[in-house]
Structures are given as C-alpha cells and as structure tokens.
Amino acid sequence: MFKVTNESIEKHRTEALVVGLYEENKELQTIYQQLNDKLNGELDELVQSGDISNHNNSVSKVHTFSLIEAKRIYFIGLGKRDERTVHTVRKAFGKVFKQLSQDRIGQASIQLDSVITGEGQADYVEAIAESMAMAPHQLQTYHTERDEKSIELTNINYLTEQSAGVVEAANTGYALGNGANIARHLVNLPGNLLTASDLATFAENIAAKHNIEIEVFDQAKIEEYGMGALLAVNQGSEEPPRFIVMKYQGKEKWEDPVAFVGKGITFDTGGYSLKPKDGIIGMKMDMGGAASVIGAMDAIGHIKPNENVMALIPATDNMISHTAYKPDDVIVSMSGKTIEVRNTDAEGRLAMADAVTYARQNGAVKIVDVATLTGGVVVALGDQVTGAMTNNDDWLNEIKHASQQVDEPVWQLPYLDVYQKQVRKSHIADLNNSPGRKAHAVMAGCFVGAFAEDTPWVHLDIAGTAMADSEHDLGPKGPTGVMARTLAKAMMNVK
Ligand code: BES
Ligand code: MN
Ligand code: ZN
C-alpha cells in the first residue's frame with residue numbers, strides 16, 4: 001500500500017500529486033520552482049491571485065493539462081515553516097485526504113521533501129499516515145438509499161530523496177489510525193446491534209487476525225470468578241454479560257503484563273436511577289473505553305511492540321426490569337470489598353472495579369483504564385481534553401507522553417486522600433458508588449482507584465472526548481476513537 005520512490009517530479013506518473021507549500025520563501029522551494037517552470041510560470045500567477053493558498057490547512061487543486069506526468073496537483077498550505085509541528089501537518093493532511101476521497105481518487109503521491117526533510121521525517125510520515133486512515137473515515141449508516149460519494153485511498157507513493165524508514169513509519173501510522181477507526185465503528189453501533197456478546201465476537205475476530213490470545217467469559221464463568229459488581233449491573237438485562245480477556249505477548253515470556261481496562265456498557269439507561277429523556281440519547285457510546293482498547297489491540301497486533309499487554313473488558317448493558325439492581329442494594333465485588341449502591345447510574349465504576357481486580361490477580365504490573373465514566377468530566381474539561389487520574393506519576397507520564405505524540409490531550413485531576421476517603425464513606429458497606437454531586441468525576445476515579453490499590457494505575461475518563469459534535473480535520477462528526485492511538489503508542493515507546 002505504501003511505496004517510496006525518488007523519481008523526478010516531472011516524470012512521476014500519478015492521479016494526484018500532493019505538494020506542501022509554506023508561506024515564506026516560495027522562491028527557495030526547489031520543488032515549487034521545478035513545477036512552476038514545467039507549468040510555464042502559471043503557478044506564480046495562481047499563488048498571486050490566491051487560487052493556490054499557502055496558508056495552513058488550505059488545499060488547492062490544480063490540473064496539469066499533461067504538462068507533467070501527474071494529472072493533478074493538490075497544494076497543501078502548511079503555514080509558516082517555523083510554526084510547523086507533527087500536529088499541524090497531521091491536521092493539514094487530513095484536509096487533503098478528505099478532498100482526495102471526495103474526488104474519488106484511490107492513488108496519490110506525496111512529494112515528501114516539500115513537507116519535511118532530514119531528522120524527524122519518520123515522525124511526520126507516521127502522522128500523515130494516521131491522518132490518511134482517519135480523516136476520510138466514514139461511519140456506517142443504515143439508510144436504505146445511499147449515495148457512494150467517496151472511495152478509499154489505498155495507495156500512497158512517497159517521493160523523497162531519503163527513503164530509509166519511510167514505509168515502516170507509514171505502516172505504523174496507518175495501523176494507529178486504523179485502530180482509532182475500529183473504535184469509532186464500534187462506538188457508532190447502536191445498542192441493539194452491539195450487545196455484550198457481539199462486542200466479544202468482534203474482539204475475537206480482531207484477535208484471530210493477529211494471533212492474539214483471547215478468552216471470553218460467559219455468565220457462568222463470570223459468576224465463578226465472583227464478579228459481583230459486573231453481575232449487579234447486568235442483573236436487569238435479558239442480554240448476558242461478557243468478560244473479555246485478550247493477551248498480546250510481545251516479550252519472550254508472558255510476564256509483567258500491562259493491563260488495558262475498557263468500560264464496555266453497550267447501553268446505559270441509568271437503571272432505576274433512570275436517565276432523563278435527553279440524557280439517555282447517545283448512551284450507545286458507553287462502551288467507548290472498550291472500543292478504544294480493542295482498537296489499540298488491533299494497532300498493537302500490526303505494530304508488534306516489545307511489551308506484554310492484557311486487554312480486559314467488562315461488557316453488559318445497564319437496564320431496568322423487575323430483576324434489576326436497585327439503589328440501597330449491597331453487592332460483593334470480585335475483590336471481596338462490599339459496595340453500597342446509591343445510584344444505579346454509577347454503573348461504569350462497578351463493572352470497572354471487577355476488571356481492575358482481575359488485572360491485579362493476573363499479574364498486571366501497570367493498569368490503565370479507559371471509560372466514558374462521568375458527565376462531570378465533560379463539564380470540567382469539555383470535548384477536547386481527556387481527564388486523567390493516577391496513583392503513580394511515572395506511569396501517568398508515560399501515558400501523557402504517548403498522548404502528546406498523537407495529539408490526544410489529557411489533563412490530570414486530583415487523586416487526593418480527602419477525596420479517596422469519600423468513596424469509603426458508607427454506614428453499611430466498604431464503599432459507596434456515588435458520594436454525591438461534588439467533584440463526581442474525581443469520585444468515580446477514586447472508586448476505581450480503590451480496586452487498583454498499590455498497582456500503578458492511570459484512569460482516563462473519555463466521556464467528553466469520545467464524541468465530536470461536528471466534523472473535524474481528522475474525521476467526521478461522531479465517535480472519535482480517542483485513546484486507541486495513545487494506548488498503542490504508549491506500548492511502542494517501551495524499549
Ligand atoms: N455513562 C455515564 C457517563 C456519561 C455521561 C458518558 C455523559 C457520556 C456522556 C455514566 O455511567 C454516568 O451515568 N455517570 C453519572 C454518575 C453519577 C450518577 C454519579 C454522571 O456522570 O452523571
Ligand atoms: Mn451511568
Ligand atoms: Zn455509563
């Protein structure tokens with residue numbers, strides 16, 4: 001799918017040639033000059049008239065009328081060269097990839113040296129390939145009449161003088177982007193079409209593709225393990241729960257695994273603490289954490305980092321019926337800790353609690369959980385920043401570093417003793433699942449953290465970031481697949 005060549009720009013045959021254009025010194029850009037000469041100086045005129053823009057994030061399409069072998073040139077404005085980063089380039093290319101897809105172009109060539117040369121080139125190539133996978137991604141719809149407007153871009157040729165590592169970086173970036181797309185697809189599926197069992201089947205298919213070990217626990221096995229908190233959430237449902245365990249072995253021996261834990265609530269009604277009619281819409285996305293974890297495992301399956309990774313997903317919906325759990329119920333979690341249920345809508349932390357216990361009991365040396373856990377984090381941080389909590393700053397720094405590399409911002413919330421104490425306040429049990437309105441994003445994290453105990457743990461609340469209100473540079477309105485890339489990248493950073 002990715003190739004590298006060092007052909008001269010006039011001789012290179014392609015449907016679409018993508019060329020980067022910076023704001024200053026267009027005279028000094030030899031690639032631009034070469035093209036301008038071949039096109040009889042027309043480019044200069046188009047730049048002057050503004051038909052070709054070098055401003056960041058603008059795309060200008062030019063037909064070449066057979067003056068060179070490439071049929072069209074897509075100029076991509078990259079703004080000021082000294083303000084360029086991997087992140088600005090990833091986004092700018094998102095624009096161009098969307099345009100190519102809309103123009104139904106399946107093959108294109110990127111003149112890489114017009115974008116970046118020298119050190120750091122591989123990082124840019126990786127980011128561009130992420131963008132290529134993610135930006136034109138289209139979510140599944142169920143319209144009976146559909147117009148097939150765009151097609152998938154499948155072949156990219158990089159024109160560059162220094163070719164070392166380019167294809168590898170592109171493959172890595174594409175795998176990361178594709179992992180995010182898998183997460184988006186899962187989040188997009190409505191609750192009636194993605195039950196806990198369906199989610200498990202999907203994970204099995206991903207695992208089979210990469211030879212990743214997988215075990216799916218059914219209701220009986222979940223009962224055998226004593227996952228009482230997960231079972232309580234499932235109690236009102238006709239759909240049986242699932243507990244998904246995936247194991248990617250990147251080291252010689254299965255030792256010291258990192259655990260990814262993803263909240264897999266396939267639909268959250270709130271239970272007897274029922275959500276209001278406006279708040280319940282969109283709750284098919286409550287398995288966003290599970291989706292990110294599965295997407296990350298797919299990327300990891302492609303990239304094959306030297307780390308052992310265990311993915312754990314407690315999956316169920318949260319329903320109401322005469323069998324459902326209720327406020328005031330006291331339940332026994334897998335850890336043995338008892339929990340007073342004050343709010344059946346604080347179900348995510350219950351399901352997560354048993355998964356975190358499973359991680360600890362199965363040798364996880366580090367845990368990172370991803371969950372659409374609270375409305376509170378949406379109020380606090382909005383839709384651009386994921387809320388983080390930790391009991392171990394080094395582990396959080398590893399996750400943060402990865403999140404910065406792929407431009408998925410996270411911000412730390414306080415995991416303080418005074419707050420940890422509040423989830424332990426109950427006259428009838430060890431913990432309570434909902435201490436109240438104050439700092440409730442933090443309370444949710446503290447609750448999960450109580451089960452991590454002293455194992456290094458990072459909590460990522462993606463309730464705000466899992467969905468985009470509108471189309472953006474790297475994808476459509478709707479599920480973002482956030483944290484799939486961060487998790488995979490964090491495992492790649494292991495030496
Ligand atoms: N799944 C929700 C959190 C959520 C809210 C995700 C909005 C995405 C968008 C979670 O299970 C929930 O209901 N949380 C409650 C907790 C409360 C009852 C303590 C909340 O945030 O209101
Ligand atoms: Mn809920
Ligand atoms: Zn929920």
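Yeah, the Cβs are placed from backbone N, Cα and C, and that goes for glycine too.
Per TrEMBL, the Mn(2+) 2 site holds K263, D268, D286; the candidate it also names there, chosen from E168, E204, E347, is E347. TrEMBL assigns the feature coiled coil to residues 18-45, out of the candidate ranges 18-45, 74-101, 410-437. For the domain 'Cytosol aminopeptidase' (343-350), residue counts in helix, strand and coil come to 3 helix, 0 strand, 5 coil, using DSSP. Measuring Cα to Cα from D345 (Mn(2+) 1 binding site), the recorded positions that fall within 10 Å are D268, K275, out of K263, D268, K275, D286.
The distance from the Cα of E347 (Mn(2+) 2 binding site) to the Cα of K275 (active site) comes to 12 Å. Here the candidates are the recorded positions K263, D268, K275, D286, and by Cα distance the one nearest R349 (active site) turns out to be K263. Here the CA atom of K275 (active site) lies 13 Å from the CA atom of D286 (Mn(2+) 2 binding site). Among the recorded positions K263, K275, D345, R349, residues whose Cβ is positioned under 6 Å from ligand 1 are identified as D345. Over the domain 'Cytosol aminopeptidase' (343-350) the predicted model carries a mean pLDDT of 98.
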